[in-house]
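Engineer: Handing you this structure, nothing more for now.
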Amino acid sequence: MSVQYDAFSVEQTCADLETDMYNGLSSLQEITRRNKVHGDNDLKVEDEENMVVQFLKQFVKDPLILLLFASSAISVTLGNIDDAISIALAIVIVVTVGFVQEYRSEQSLKALNNLVPHYCNVIRSGKTEHIVASKLVPGDLVILQIGDRVPADLRIVEATELEIDESNLTGENSPRKKSSEAISSNISLTERNNIAFMGTLVRHGHGRGIVVATGSDTEFGRVFLTMQQTEKPKTPLQNSMDDLGKQLSLISLIGIAVIVLVGFFQGKNWLEMLTIGVSLAVAAIPEGLPIIVTVTLALGVLRMSKKRAIIRRLPSVETLGSVNVICSDKTGTLTMNHMTVTKIYTCGMLAAFSLPESEHIELSVRRTVGIEKALLAAALCNNSKVHNKADSILDTTCPWAGFPVDVALIECSERFGLKDPRETYSRISEVSFSSERKYMSVAVQYNSSKMNFMKGATEQVLSSCAYFSDQDGVQHELTAEMKENIQRNEFEMAASGLRIIAVASGINTNKLVFHGLFGINDPPRPQVRESVQYLMTGGVRVIMITGDSVVTAISIARSLGMAIPSNDEEAIRNYALTGAQLDDLDSSSLRDAVSRVVVFARTTPQHKMKIVEALQSLGDVVAMTGDGVNDAPALKLADIGIAMGRQGTDVAKEAADMILTDDSFATILSAVEEGKGIFNNIKNFITFQLSTSVAALSLIAISSVFGFQNPLNAMQILWINILMDGPPAQSLGVESVDEDVMMKPPRPRNAPIISVQLLQRVLLSAFIIVTVTIVVFRVQMQDGNVTARDTTMTFTCFVFFDMFNALACRSETKSVFKLGIFSNRMFNIAVGGSLIGQALVVYASPFQRIFQTEAIGLKDVLILLACTSSVLWVDEIRKWYRRRKGLVRTKSNYLLRNV
C-alpha cells in the first residue's frame, strides 16, 4: 500500500524501493523479478461462474421450458415414452442454443474491454519509454503530463504546477495540488498531497513519480470489488427489444390460449394440445431477440475497431446512425498534424519569405540576427524532447517528440543550423500553453541574468509587447504602424491556410520585444475531402472548430470541400464565427448562428460546450471531437464524444464514447457507416424473426379455427424455433455494410424500430408462408387423415420458407443477386447447417421417430423448393419496384451525379 510513503522523503522512498529518482530502474532482470512478485498492474476480476453451472441454470430460468418438462413428465405418466423422450431431447437442444447465444454474447462483450490498452511514459535506465501500464512495477519512475491518467499509486518526486483530479476516488470536484514534500502519516486520503493515485487524472502541470503500489494494492484497488458488483445498464435498444419481446409474448400467449381452447372444444387430445401450445409459445415468443441484438452490437463494435474506431459504450453504436451534425477539430483530425514551418516573417521585411524544402537551409539564405532571435525564442519556449527511436509504440520517424507546433519550431531551428539552446539556458519557471490563454511563456537564466520568452497567437503576444526588433536585431518602439504591418503579414500568411505563431522576449513580461511570425503548414489528411462531401450528401453537416484565426480556418475549410463561398468577406460574415463573437450572442441568436455557421475560429473548449448545447436545442444529434483535458465536458455533453487515440489525453478518452486510433476524420465516416449498417442488420433479423413467428402462429391458428388437424407437431415446432432463433438469424446480424447506407438520411433519434414499412414486409412474408404451407398441407391430406408424410411435407415446406425468407431479409432494399448469394460466409454456413439438420430429421431413422417424419423423394423436394422460393421472388419484386420509383437512394447514382 502507498500509505507508508507519505512520511518518507524522496530519498527515503528511492532507497526503500532501490530505484533512482532521475534514471528509474536500470536492471531488466530486477524489473522481471518484481513483475513476478507483484504481478501485472491491473485489477483482477473475480472468478466467473462455471460454464456447467451456467448451462444447468438455463433449464430453470425460462418458465416455458419448465412447462415443457411438465408435459414430458405427463407423457411418461400416460405411458407415451417416445413422446417424453422427444420432448426432453428438444428441451436440451433449445436450451443449448440459448446457452451458446448467451455465452457468445458475454465473450463478445468481454472482448470489447480489451480494445483500449492504457499506456504510460516511464524512465528506465535514464531513457524515456512508452509502455503498457499493466507492465509497471514498484520502483518505476513515471512521467506525468497534463491529460494523463495516473497508471499506479505514485510517490511524487518532482512537480511543476501539478494538479490532479481525484473526484473518481474521493468525490471532491476541485483538483488537488501535488508536491514532493514529505508529510505526516495517518492523514485522510484527500490530504495525501505527495501521492498520485491510480485512475486519477492530471488536470494541470507536469511531474514525475515513483510507483509505490500496483494493481489490487492501490487505493483504487480497494474499492474495485464494490465496482464489480454494479451491473452494467442495458442499452436503449436492448431495453426496447425487451419491451418488444414482452409485448409480442403477451400477444402470442393470448393467441396460443385461444388455439388450445379451440382445440379442446373440438375434441382434440388435451395433452397434445397442451404440448403444442407450450411449443408454440417457445417458438413464437422471440426470447432470443435481445441476445442477438447484443451479439450484433458487440460484433459490430469489434468490426469497427479493425477500422480504427473504438467504441467504449454499446449505446453509442445506436446513436451513430442518428448523428446529423459532426463538429470536428481541425488540427490532427481534418489535417495531418505533421506541422512544418514554411514561412518566416520578421519586422522590417516587406513580406514573409518561404523556406526551401531542403533538410538544411544554407547559411546564406536570410540568416539574419532578427531571424536568429525569433528562432531562439521559439526553441526556448518549447517542450519538445528527443524521441527514443527504440520506442515502437509511438510509430514515428521524427527525432523529436512533443506537441506538433513545438516539434515544427525546433526542427526549423535545426534546419538553420542552430543547436538546441535549452542546454545552455536554464529554465526557472513556465506558464503552460492552454486553449484559453493561447500562449506559452518561460523564464530562463543565462549568464546570471533572467529573461522571459513567449510564443502564441499573434494578438496575445502583441498585447504583451512594447518593442520590436528589426532584421539586424536592433530594438525599436512598437508603433501602431508596425503593429498594422505585422497584422497585415499575419493575414496574408493565414489566407494561405497557415497556422501563425508569434514570438517575443524581454526582461519585463509586460514590455516584451516582438521578434516575428512563423507560418506553419499542416496539410489536410488524405480522403478527408471525399469523406466530408460524402457525409454532407447523406444529410450530415460537418462543422470545423479550431483555435486558428478565422482567415486560416476559412482557407482550410474551403480546401476540404465544405460549403464555403469563394469570397472571403462573405464567408467570414455568414459562414464563420469567432469565439469572441460567440460570447456576445444570446441563446436565440446563437441557435440561429449554429444552424448556418460552418467554421468556428479562435475558440476555447468552453465554446465547444455552447455550440453543442445550441445544436442539441435545435434537435440535432451531435458528434464532437476533442483531445485536450478541457475538451472533456463537451465530449461528455455531445451525443457522441470522439477522442483522439494518438494525440488525445487520457482525460478526453475517459469522457469519450468513441476513440479514433488513427486520429483521422475519415475514420468517423467509417464509424457512422458501420453504425447505420448495424442498425439495418438488426432491422433485417427482426423482420426475419417476426415473419417466422407470425407465420407459425397463424398456421396453427387457421388450422384450429377451420377444424383442420394440426399440420405440425410439437417437436417440429421446436425445431423451427431453433432455426428462427439460431444461426440463420444471427448470421443476418453480421451482414456487410451496404454501400448505399450513407445515402439514407440520419435516423431520427426516437424512431421506432418496427416501422410501418417493416410491419408491411413482415405481414407480406408471413402471408405468403402461411398461404402456401396450408395449400401444401391440404393437397397432401387428400384422404382426410394426417400421415407422417403429410406433416413431413408441411414441416419441410415451412423450413424451406425459413431459409428463403432469411435470404430475402439480408437487405431491405438491395437484390440478393447484387449482394452476392454466397457473399455472407456465416450465412452460408448457417443455412447449410440448417439444411443438413433438416435432412437428418427427415431421412435419419432415429430422428424420424423423434420428429414423426418419413423420407420424401427428390421430386417432392424440388416442388417444395419451387413453392417456397416464392417468398424470395415476391420480395425481389418489392425491392425492384421501390428502386424503379426512386424510393431508394444509391451510391452509384451519387457517383454519377458527381462525375
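Keep in mind that glycine also has a Cβ here, set from the backbone N, Cα and C atoms.
According to Swiss-Prot, the protein carries these features:
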type	residues	note
TRANSMEM	59-79	transmembrane segment
TRANSMEM	80-100	transmembrane segment
TRANSMEM	247-267	transmembrane segment
TRANSMEM	282-302	transmembrane segment
ACT_SITE	D329	active site, 4-aspartylphosphate intermediate
TRANSMEM	688-708	transmembrane segment
TRANSMEM	757-777	transmembrane segment
TRANSMEM	827-847	transmembrane segment
TRANSMEM	854-874	transmembrane segment
MOD_RES	S892	phosphoserine
Engineer: Restricting to the same chain and to residues at least six past its boundaries, which positions have a Cβ under 8 Å from a Cβ of the transmembrane segment (854-874)?
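Structural biologist: Contacts of the transmembrane segment (854-874) (Cβ under 8 Å, skipping residues fewer than 6 from its ends): 764-765, 768-769, 772, 776, 788-789, 792-793, 796-797, 800-801, 803-805, 807-808, 816, 842-843, 848.
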Engineer: Going along the chain, which residues at least six beyond the ends of the transmembrane segment (827-847) come within the CB cut-off of under 8 Å?
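Structural biologist: That would be 719, 723, 726-728, 730-732, 735, 792, 796, 799, 802-803, 806-807, 810, 853-856.
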Engineer: Who are the long-range neighbours of the transmembrane segment (757-777) in its own chain, taking Cβ under 8 Å and residues 6 or more past its ends?
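Structural biologist: For the transmembrane segment (757-777), the sequence-distant neighbours (Cβ-Cβ under 8 Å, at least 6 residues beyond its ends) are 683, 686-687, 690-692, 694-695, 698-699, 702-703, 708, 711, 790, 793-794, 797-798, 801, 805, 808, 812, 864, 867-868, 870-871, 874-875, 878.
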Engineer: Taking 10 A as the limit, how many CB atoms besides its own sit near the CB of D329 (active site, 4-aspartylphosphate intermediate)?
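Structural biologist: Step by step: centre on the Cβ of D329 (active site, 4-aspartylphosphate intermediate), count other Cβ atoms within 10 Å, giving 26.
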